[in-house]
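Everything below concerns the one structure shown next.
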Amino acid sequence: MARTARVAVTVAIVWMSTVTTATFSNVCQTDEYAREQLSSLLSSIYPTESRPDEPIRRLGTVLASDWSSSSRNTSSNSTLAARSVNGSDVEGGTDTPMVQLAELDAYLLELDIRDDPLQQQQQQQQQQEHHPHTTPYGSAEAGFIASLNAKVFSRSAPFNPAYSDRVSAECKRQSSHFLRSYRSSQLWALRMHDASAKLSHGILNGNINQYGDFDQCVRLQQQQQNGDSDGGPGIAGRYCMAEVQPTVKPNTVMLQYLFDLVQAHGMLKSNLHDPGHRVPRFSTVHWALCVPAGCTAADVQASLADFLTEYIAGTGIETEVKVNPALCQTRHQLWHDYFTDRTVLVWVGFALYGLLVVAATIYDYRVPPTGKAEWLTAFSLIKNTRSIVCLKEERNDIACVHGIRFLNAMLLLIAHKSMALFFNPYVNRTEMSEILGQPWTVIGRAAAIFTDPFIMFSGFLTTFSFIERLQRGQRVRLHQEYIGRLLRIMPPLGALILFCTFVLPFLGTGPLWNLVVTNHGTICKQYWWRNMLFIHNYFGFQNMCLTHTHHVGIDTELFLIAPLFIYLVWRWPRPGIAALGAIASLTTVHRFYTTYHLRLANYVYFGTSVKQLFDTADHMYTLPYYRVTVYLMGVILGYVCSKYKTIKLTVSQIKIGWYLSSLSIAVAFFGPAPMGSIHYVYDPMHAASYAAFSPIAWCLFFAWTVFTAHLGYRNKVIDFFSWRGFRVTTRISYAVYLTQFPIFFYNVGRTRAPQYFEFLPAVIFNSNEYLVVFLASFLLTVLFETPFINVKKLLFPSKSRTRLQDETTRPLTAGACTDR
């Protein structure tokens, strides 16, 4: 108690002396004068009749005589700033020669140990017991470290997690211990402050997202000594990614301009209430804080909000703060909170399935072809790999379909990658926005129309196959078609859901890991059944398990009702085609009206908002009614190609057809390019026209290509799309569609530091990430898609079955070789 009282009194004395010294700093330059002032101060505070006993008087004398030399040796140029808005009382440097509190603590520690050798020995013993690898500071080294703290680490004051009065008692206790340890330059406290984000260069170039040092923070573990006044368990580091939404007061022209630079021109507007797991909160500031683990996300949010309210007062800026509990992480917290018995069950299931594949492969390799059981080789890697890479041309195969699918799959991959880039904390975000705020960036903004050809070809292949069999007098067994389709698409989809829910979250860590990886798994744990019933596209993006799989639901629902459309055109050709045309026209008008009325955006224009994109997905893009237009185009195309195989076109007809189709795709692709400009202002008429007519214009070109190729006409475009190698890429295109976003989010979640944005390396030539996507797609296809194609053929054998019949049950991809 005596030691505690002496230290408290001394701190108060020296603080008072510091204020006095600051007042006379311009005339008081000598140590003698400082000692006189301190002696006078002590006399004024403690009169002779009420002054403490000799130890305090000796302390004042020693403090006055020793402080000057100690401060010169440790931090002759260090200062005590008058600013204490953070509430931490750890100050940065100014040009006024004042006493640093960190130096004071180091000095008091040295003084106290010098006065009590026995206590010094006990403290060293305790330190060695709790920290056997830590070397105790000597008096000179303590001064060096205090000076280093003042000149390097304390250039910005540490954040006080207990700044608000609303924080928990445990947070106050651990924060107090952290701040005292920091002032005494203890290594663990320096690391905690060092791991928090700091203001960096390039703020006006958009460098406002600071991730700090994630790994240094979560690895912190400070065991408190028995002699500490606080007692209690040790202090661990908690990494919190705070989200701050700044706003600027109106009618401040220059401030608005600066704010526009800081916010990267508002390329993608967001707020704290937007879901951030699928589309990034681009205009929200992400700021990392390393705090004691005793402080919760609510504690950090309250303290940061109160601190910013006071700190930025008078700047014309207002802030709103959110700290998501999922983004406040400690070491191994994911394993503690997320690992369950179901996780073990899934891991065991994957292991057993892997053993089945290995056993089937060994069996296929060792047993002669004549004696093999087809049921045992259905899962063989050898057989399924040969099936995927087979280049054999099949009867009735329209080869150019493969190339068209590959083109749209690559465009969709680039567009999705462009959206994933917005999660990353680029140091030149403003420059990135200026680069991407140009018309040519349409390639990454028109992702919506890149999926339309897949929907059209789904209707085309289904219709072509059904009409071919009906014309030959064969029965179309719908139950076999439906079961066959489920056997194709459910195993890869189910495997991906299980992997992303129970395996992927444990394969990495990072500042945004829980937002873009674990959060998807949490949603899938609750809503996976919607995906397996293919109704997940009706429940909105925010609560959808693996949002990018909405297309599988749309395609499956349209396949379910496709026999009605096909029977209509087969039984009553002209009235049927007219009816389908009327339905397509009606849905087109409805798309236009919905987009205009709700102010949606099917195109990612410059300045669009996250809310607008989610509203577009929920009210139009994920609903089959609005996407049925191009599916009906495919149905009509399939009927025409099946009925009119020998039709002859004149040269003029062919030229006119190519001119018109080329014009339509150019209008669909380049027409909305001005909406990508940095100066574009949203116009609901533009958005409605694009949403209504661009899918039709985009698909017309590919429909004409398929039609002329089927009639036997050739040109360079058809020859390119008909390259045999596209048969391989189109067989894994379904898996490419499934795996790309988990891989993109895996890399986003692991990102730990800001990067420099360059368009070509980041988007076009990101070969490493694209290679991983294709490798993962091949594995998903060879392990979970092709084996069940074999199972389907064993369940429904048919000698007359053609490869095109297999097409009707595969979404997004063409069928494999029949010779398996």
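Please read every residue number as a count from 1 along the shown chain.
Cβ atoms here come from the backbone N, Cα and C positions, even for glycine.
Bear in mind that TrEMBL entries carry predicted annotations, made automatically and left uncurated.
Residues annotated as compositional bias 'Low complexity' in TrEMBL: 68-79.
The average pLDDT computed for the domain 'Nose resistant-to-fluoxetine protein N-terminal' (168-323) is 90. The domain 'Nose resistant-to-fluoxetine protein N-terminal' annotation in TrEMBL covers 168-323.
The region 'Disordered' feature in TrEMBL is assigned to 67-95 (among others).
Under the heading region 'Disordered', TrEMBL lists 118-139 (among others).
According to TrEMBL, the signal peptide annotation covers 1-22.
Positions annotated as transmembrane segment by TrEMBL: 344-363 (among others).
Residues or ranges marked as transmembrane segment by TrEMBL: 406-427 (among others). Listed as Cβ neighbours of the transmembrane segment (406-427) (distance under 8 Å, sequence separation of 6 or more from its ends, same chain) are residues 200-202, 205-207, 209-211, 267-268, 279-280, 282, 286, 436, 441, 443-447, 450-451, 453-454, 512, 516, 548, 604, 721, 726, 729-730, 733, 736-737, 740-741, 744-745, 747-748, 751, 753-757, 762-764, 766, 769-770, 773, 812.
The transmembrane segment annotation in TrEMBL covers 447-467 (among others).
Residues 334-335, 338-339, 342-343, 346-347, 349-350, 513, 517-518, 520-521, 524-525, 528, 531-532, 545-546, 549, 552, 556, 734-735, 738-739, 742, 746, 780-781, 783-785, 787-789, 791-792, 795, 809-811 of the same chain lie 6 or more positions beyond the ends of the transmembrane segment (487-507) yet place their CB under 8 Å from a CB of it. Feature annotation from TrEMBL assigns transmembrane segment to 487-507 (among others).
The transmembrane segment annotation in TrEMBL covers 552-570 (among others). Here the transmembrane segment (552-570) has Cβ contacts under 8 Å with residues 454-455, 458-459, 462-463, 466-467, 470, 476, 478, 482, 485, 489, 493, 531, 534-538, 576-577, 579-580, 622-624, 627-628, 631-632, 635-636, 638-639, 808, 811-812 of the same chain, all six or more residues outside its ends.
According to TrEMBL, the feature transmembrane segment maps to 577-593 (among others).
Here TrEMBL flags 625-644 (among others) as transmembrane segment.
According to TrEMBL, the transmembrane segment annotation covers 656-675 (among others).
Summarising the annotation, TrEMBL assigns transmembrane segment to 687-711 (among others). With a cut-off of 8 Å between Cβ atoms, the residues of this chain six or more beyond the transmembrane segment (687-711) that come close are 398-401, 404, 446, 448-449, 452-453, 456, 460, 588-589, 591-593, 595-596, 599-603, 605, 620, 627, 629-630, 633-634, 637, 640-641, 645, 647-649, 654, 657-658, 660-662, 664-665, 667-669, 671-672, 675, 717-718, 721-722.
Under the heading transmembrane segment, TrEMBL lists 732-750 (among others).
Annotated transmembrane segment per TrEMBL: 770-791 (among others), in sequence order.
Between the transmembrane segment (344-363) and the stretches 447-467, 625-644, 656-675, 732-750, 770-791, it is 770-791 that has the most C-beta pairs under 8 angstroms.
Relative to the transmembrane segment (770-791), the listed stretch 732-750 leads the set 625-644, 656-675, 732-750 in CB pairs under 8 A.
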